[in-house]
Amino acid sequence: MRQTMNGVLRRHGLVLAFLVFLAGVALNAEAFLTPGNILDVLRQVSITGMMALGVTFVVLTGRLDLSVGSLLTLLTVIVVDQHNIAGPFPAIVMTLAAGLAVGALNGLLVGFVGLNALIVTLAMLSFLQGLVLFYSGGSNVNVQNAQETWFAVFGRGDFLGLPVPVILFLVGAVVAGLVLQFTSFGRRVYGVGGNETASIFSGIDARWTVFWTYVVSGFTTGVAAIIMGSRVMGAQNTIGQGYELTVLAGVILGGTSLLGGSGSVWRTVIGISMLGFIQNGLLLLGFAYYVQWLVTWAVIIIAVWIDLGAKRGRILA
Amino acid sequence: MSQATDIRAGSPLQSVVSWLLRNHIWVFLALTVTVFSLASPYFLTVNNLGNILTQAAFIGILAIGMTMVMIDGEIDLSVGAVLALASALAIGLQDHMGVWPAVFLGLLSGAALGFLNGTLVALSGMHSFIVTLGGLIGIRGLVFVYSGENALMVPDFSYTEIPEIYLGPISLTAIIFFALAVLFQWVLSSTRHGRETYAVGDNIEAAHDAGINVRRHKIINFTICGTLAAVCGILLSMRLGTAEPNAGKIWELWTIIAVVLGGTRLQGGFGSMWMTIGGVLTLAVLRNGLRLLNTPNYVELMVMGAVLVLALVLDKLLNHGEVP
């Protein structure tokens, strides 16, 4: 019986607690669980969620990517600026290419040169922030023909009653989940994260595996930047600042282990959505926006602690 | 902790070379100082050097605590938020209780949050990256809850004159930084707690088997780190006369950069305050020098990123593939 309780707690404790939270807010704020509000939350979540999909790959190998926030800023600035210069389609291509390039550079330094992922991506965070200021000259950019461009569809459009960014996020999540579950690349990612030495002895090239996870992370951040640019129709030089932390908090909250090897895309989707609903719920209850940070703190500690405690069978280390 | 570059039975030249290889940050510091001295006539002046020391002191004090935690193999991402809270309390409480009790409570808040971080890490077995990432987010929330969205202003501006004591060109802030660095270097090299710090960082299970109370040990180091962050916050509030709720944002990143630049390893078990001082000064010299040369802000950010990666590559090359 205790075993089953543990199993249930491990697998669904977080979700149960979250459902209690949802019910609690819904009882006190009528607007909370209406379709309109839920879609709004998902629309907000789609940007961090999209980034979190790629970061999940990186974290599954036991690495980190702290550069995604700065990269989001850079790519949003690029997509908006190039939209004015070259038009929407070339802008999208360039943005995705730049995202892939930065991901490849991270992957090269972490995977092949073998440098510490935390420091490399921290250095990249600083470097990219500099690159943003260099590119934009410090000024904000705006899409000039915001009313007529089809580029608006990514952030503002609807398709079959669902916001397009939400569809992009969900499709991205399904694809990412399928890749992790059913491709050899996915298995290699779990292998490298679970036991790198063993995976190398089993013939996995850990260097390439790590490299590609960073490329995936760069790509999903590129897609997120397109959604962001399209939604805001402009970009400030700090638009993505701190996003790396929100993204990481969502991934961790989902229960993906920072040590690698354990976790999944659907967990990330749950974690990042929980953050979105907590934020939205607290605002609807009339709390100031910074109260959500306190709650996030408590939720991260409690969620990860329960997860860890359930895995080792006792709560204290 | 093993040093592949350690050449024991060698000529004096060899031992000098091996020392330089292990402490390459000081070579790099000398290089940057030389370059900026040649590039700008204003760099190598007593006044500017004094300025650099003062500027370095803030990140430096954070870096001392971070070094203690990092040698333990842990990390503290919450120092920027802790310093903001300490500075807000030290200024905000002055109306109610006078200057020094407010300062004391500011320090206490840092110690308490460090204690909380350490306790959570020790009791839960969660990685300190997660615990203090939560802290970074949540403690910033505490600052906003306390001070609202506005900067707090000191009621009596004589408060800002407290650190205006100079020993020649060296400010009190810089003196406090160096005094704390020397103190904690002494702790690391000459006390039981220091030896245990290396032992825990090097091999936590061996340390536990050897009878070290790992939990208590980690809690102490996180408390030190939190307290030093509060010291930094209070010195900052004295310098500015205001406490801004966003003070110290991403300073934790600069601090980690400084410590890693110095050569202390994230894996733990290796590092020293001398290295950290080297890293802190190098960072400060780079920032100051680039500003004197009138380079735009983005060059600074890009150079920092490049230098950090370079430092990692150097460390890896010099230490024969020991992954930094």
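Yeah, the Cβs are placed from backbone N, Cα and C, and that goes for glycine too.
In TrEMBL, annotation is done automatically, which means it is predicted and not curated.
The transmembrane segment annotation in TrEMBL covers B:25-44 (among others).
Long-range neighbours of the transmembrane segment (B:50-70) within the same chain, counting only residues 6 or more positions beyond its ends whose Cβ lies under 8 Å from a Cβ of the stretch, are 76, 79-80, 83, 114, 128, 166, 168-171, 173-174, 176-177, 180-181, 184, 188, 197, 201, 221-222, 224-229, 231-232, 235-236, 251-252, 254-256, 258-259, 262, 264-266, 268, 271-273, 275-277, 279-281, 283-285, 287-288. Taken from TrEMBL, the feature transmembrane segment covers B:50-70 (among others).
The annotation transmembrane segment is assigned in TrEMBL to B:99-116 (among others).
If you look up TrEMBL, you'll see B:128-146 (among others) marked as transmembrane segment.
The feature transmembrane segment is assigned by TrEMBL to B:166-188 (among others).
The annotation transmembrane segment is assigned in TrEMBL to B:219-241 (among others).
Summarising the annotation, TrEMBL assigns transmembrane segment to B:253-286 (among others).
Using a Cβ-Cβ cut-off under 8 Å and counting only residues 6 or more beyond its ends in the same chain, the transmembrane segment (B:298-314) has close neighbours at 24-25, 28, 257, 260-261, 263, 283, 286-287, 290-291, 324. Annotated transmembrane segment per TrEMBL: B:298-314 (among others), in sequence order.
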Chain residues outside the transmembrane segment (B:166-188) and at least six past its termini with a C-beta under 8 angstroms from it: 46-47, 49-50, 53-54, 56-58, 60-61, 64, 67-68, 71, 194, 197-198, 224, 228, 231, 235, 239, 272-274, 276-277
Same-chain residues near the transmembrane segment (B:99-116), Cβ under 8 Å, at least 6 residues beyond its ends: 65, 76, 78, 82-83, 85-87, 89-93, 135, 139, 156, 159, 219, 222-231, 233-234, 237
